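Chemist: Here TrEMBL flags B:LYS77, B:SER152 as active site, charge relay system. According to TrEMBL, the active site, acyl-ester intermediate annotation covers B:SER176. Sequence annotations record features per position, and here TrEMBL assigns domain 'Amidase' to B:22-462.
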Amino acid sequence: MSRITKEQVKHVANLARLEMDEAEVEKFTTQLDDIISMAEQLNELDTENVEPTTHVLDLKNVLREDKAQPWLSREEALKNAPDHANGQVKVPSIFE
Amino acid sequence: MFDKSISELHSLLHKKELSVSEIVQSSFDRINTVDEKVKAFMTLNEEGAMQAAKALDGKLGTEEARGLLFGLPVGVKDNIVTKGLRTTASSQLLGNFEPLHNATVVERLNAAETITVGKLNMDEFAMGSSNENSGFYGTRNPWNTDYVPGGSSGGSAASVAAGEVFFSLGSDTGGSIRQPAAFCGVVGLKPTYGLVSRFGLIAFASSLDQIGPITNTVEDNAYLLQSIAGHDKMDSTSANVDVPDYLSSLTGDVKGLRIAVPKEYLAEGVDEDVKNNVLQALKKLEELGASWEEVSLPHSKYAVATYYLLSSSEASANLARFDGVRYGVRAEAENLLDLYKKTRSEGFGDEVKRRIMLGTFALSSGYYDAYYKKAQKVRTLIKNDFEKVFEDYDVIIGPTTPTPAFKVGEKIDNPLTMYANDILTIPVNLAGVPAISVPCGLSNGLPVGLQIIGKHFDERTVYRVAHAFEQATDHHKAKPEL
């Protein structure tokens, strides 16, 4: 039985901000289904009383003083922006 | 010249029998001769490097030239940012990206006065095991250019094996330093998670990523780690631990050392030649006074599934920043949502999309507990396996990969076969422990790697064992003919 449907792939693609044509949807449906089938192998294990790993080392919260440090200038920060105007990054319209 | 070690080069520079300019020029000469075939480099820094070399030549013979890495050329994986030097992570999406700052490891190499000759090709965003996922072109294995160099640090390993540089930096999320080091017959270390700063490493899976050195010998590897390891306040996951002296661990003495050999690492699926090479290596270590016993890491077979769920989930979040707004190649679009979608769809290759899709799915509403959280729990079991074995043993030894390098095109159409190749390296990242791959022989003319795994922050023992084995054998002296 297929675990992943084409509709799910389209939904996830939208969440991930990816565009796909029908052929790609088809391909990713099959491939994700294969990968998820492999992942379900984990269900063989009883993990009821197992703590999830959130960090491999015993690190405690790492905090620093909330103080501004010199970093990039505005001009530098905009250097790699594909488009900018008036010292700000420019993008196409957000609303119709 | 490229069979010279760091200490030999240092001594030649010190005696002024060689200048920095000559060494760096010879690196570019070699690149110009062989890189057409190997394709290890993404971007060359010829002008900048030659200028820097000239400046360093002025310091030769002075106190300032005393550092061991002084004036030596280095290659840097293309997911480590270098100020003003194009950094693409081998993605079309970052084809025009010139970073505004250096990664901490690059700053530390600069402080040691190495010279960055260029950026090294890789699988796009470090996702892959063959370099075939580079958004530009695949690197080839210097031992036989019909074969892959491994990945994702394929360029980093191939450049050292091909004699283009003496050493390089790679990054390892599920084996990306060790597997290409094994395939290319060089030495590659994945340090303990947190030992080396990841500030300026383009993030793939932040709970697993680690930068490490790729070199010709274990000694060179220790020199390089010595200069890049240590706490960095710019990386809150970097561990605040003292960096020990790695060089003094290279004693050649492994008497009384207790080695664990997981039966899962020599099981079905591991090539006979690979297995025999590893058994020979264990025999050699026994002759040197170590002892080994078979143990079990019972959750090994779940590592690949666990890894792909966790690393892809983290990647789906980390790669959300590549949206064409602040940097990178932006696609033409009418509105912002289309801009995101077109930029990402045109800029990312198939493997990157596949992992973003898997990760987004595993984190999406209704599936989080079944996939992501389940995988985090299994990660704990895998980590516990290691901790248990390390109660009674000093190191764990096995092959780095189940087979030697495979042919270009052989696995690229089947993601699951490709993923299975990393079955022996992935558990190490999940547990956060250090591991090295050192050459332990050839199989049909292709190198085989021996993997030595240590306890958290015990790189010294890993190096000691690797060095003792290396010095007792001639495997590291074998070089490809190009």
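The backbone N, Cα and C atoms fix where each Cβ goes, glycine too.
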Chemist: Given B:LYS77 (active site, charge relay system) and the residue listed as 'active site, acyl-ester intermediate', what distance in Å do their CA atoms have, once rounded to a whole number?
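Modeler: Cα-Cα distance, B:LYS77 (active site, charge relay system) to the residue listed as 'active site, acyl-ester intermediate': 11 Å.
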Chemist: Taking only the Cα atoms, work out how far B:SER176 (active site, acyl-ester intermediate) lies from B:SER152 (active site, charge relay system), in Å, as a whole number.
Modeler: 5
Chemist: Would you mind pulling the DSSP three-state label for B:LYS77 (active site, charge relay system)?
Modeler: strand
Chemist: Write out the long-range same-chain contacts of B:SER152 (active site, charge relay system), meaning residues 6 or more apart in sequence whose Cβ is under 8 Å from its Cβ.
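Modeler: B:MET122, B:ASP123, B:ALA126, B:MET127, B:GLY128, B:SER129, B:ASN131, B:ASN133, B:SER171, B:THR173, B:SER176, B:PRO180 - these are the non-local Cβ neighbours of B:SER152 (active site, charge relay system), listed in sequence order.
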